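Listed in TrEMBL for this protein:
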REGION    1-28  region 'Disordered'
DOMAIN    45-177  domain 'EamA'
TRANSMEM  47-68  transmembrane segment
TRANSMEM  74-93  transmembrane segment
TRANSMEM  105-126  transmembrane segment
TRANSMEM  132-154  transmembrane segment
TRANSMEM  161-178  transmembrane segment
TRANSMEM  184-203  transmembrane segment
DOMAIN    188-315  domain 'EamA'
TRANSMEM  215-234  transmembrane segment
TRANSMEM  246-264  transmembrane segment
TRANSMEM  276-294  transmembrane segment
TRANSMEM  300-317  transmembrane segment
Amino acid sequence: MIEARTATAEKDDAPVPQPMPPQAQELQPAPAHAPALLRAQANRLGILWMVVAMTAFIGNDALIKSIGQRVPTAQMIVVRGVMAIALIVLVAWRMGALPRIADTARGWVMLRAGCEGVGTFLYLAALMQLPLANATAINLSSPLFLAVLAVLLLRERVDRLRWIAIGAGFLGVLLVIQPRADGFNASAWLCLLATLVYSLRDLLTRKIPAGTPSILVTLATAGVVWLMAGGVLAVQGWQPMQWRDVGLLALAAVFLSTGYHAVISATRHAEVSVVAPFRYTGLLWALILGYVVWGDIPNALAWAGIALLLGAGLFMLHQQRAIARRVLRQRG
């Protein structure tokens, strides 16, 4: 994706960016040529953001799954979206980022938000016909797409050990979900397309100018998803809701807003190929909630998959720490 770096002459003619309040300033993403130590530090921060994002998303999914037994999906997204957008606007105001709201109209921000909206629509359309486990397995193949796209489009370097870790993580997903051949139908291909769109969304995040506050990117994302859900709701029609469900949707809005902001921060601050495997942590949280709330107990193959997922993630983190220690020793 995507465009090459702007020529030096073009940079000289570019307008000088206006200063931002300290609260609205964002960390700079780590380019491929950055010093190894700085890149390793950015990658560790990106890993933390990704874990936070997946934890928040699973919390949101669990609430939506519970409420979805009584409220149509599009209506849930619209109600939750109103609360999420209000919360994001409040946070953006407190951060002093709202004066830069015009930044969300830039091409990369809107293109990313559009991918989020399209991906959400495709995923929900597939989810209506697929078992949740199958849809989750397909969606968690995103790191494979990300690794390949990062090499082809962002020119990130992925060494052999990282490829092994990513492959082991995907194998772990398959062992946990244990999909059957008859589970891949037209809806599954639709879900796979949604996963590809989500992967492209994450790579587009890297192209957003560093001066654009992530909270505003989050706001644009939530707005586009809300508009798409509103279109579906206009066709389906409104149904009465209980105040209890409204309260649960408010909590889901907090989880969703946190997840949006965290996943944007993760993919802006770190190499995509490093943080991508930590999406698998969402499956771990799903397994825990499945046992606590619904009494689902993984079998032996599933536990083997969990071990692979954990091993792959810990190995990636170990690699980053080893790079940082090696650079520090060289600096003496």
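Cβ from N, Cα, C; glycine included.
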Going along the chain, which residues at least six beyond the ends of the transmembrane segment (74-93) come within the CB cut-off of under 8 Å?
64, 67-68, 101, 213, 215-216, 218-219, 222-223, 225-226, 229-230, 232-233, 236, 238-239, 241, 246, 249-250, 252-254, 256-257, 260-261
For the transmembrane segment (276-294) and the transmembrane segment (161-178), decide whether they are in contact, meaning at least 3 CB pairs lie under 8 A, counting pairs 6 or more apart in sequence.
yes
State the residues, same chain only, that lie 6 or more residues beyond the ends of the transmembrane segment (161-178) and have a CB under 8 A from a CB inside it; answer 'none' if no residue qualifies.
133-134, 136-137, 140-141, 143-144, 147, 273-274, 276-277, 280, 283, 287, 298, 301-302, 304-309, 311-313, 315-316, 319
Write out how many residues of the domain 'EamA' (188-315) are helix, how many strand and how many coil, based on DSSP.
107 helix, 0 strand, 21 coil
Restricting to the same chain and to residues at least six past its boundaries, which positions have a Cβ under 8 Å from a Cβ of the transmembrane segment (47-68)?
76, 80, 132, 245, 248-249, 251-252, 255-256, 258-260, 262-263, 265-266, 269-270, 274-275, 278-279, 281-282, 285-286, 289, 293, 316-317, 320
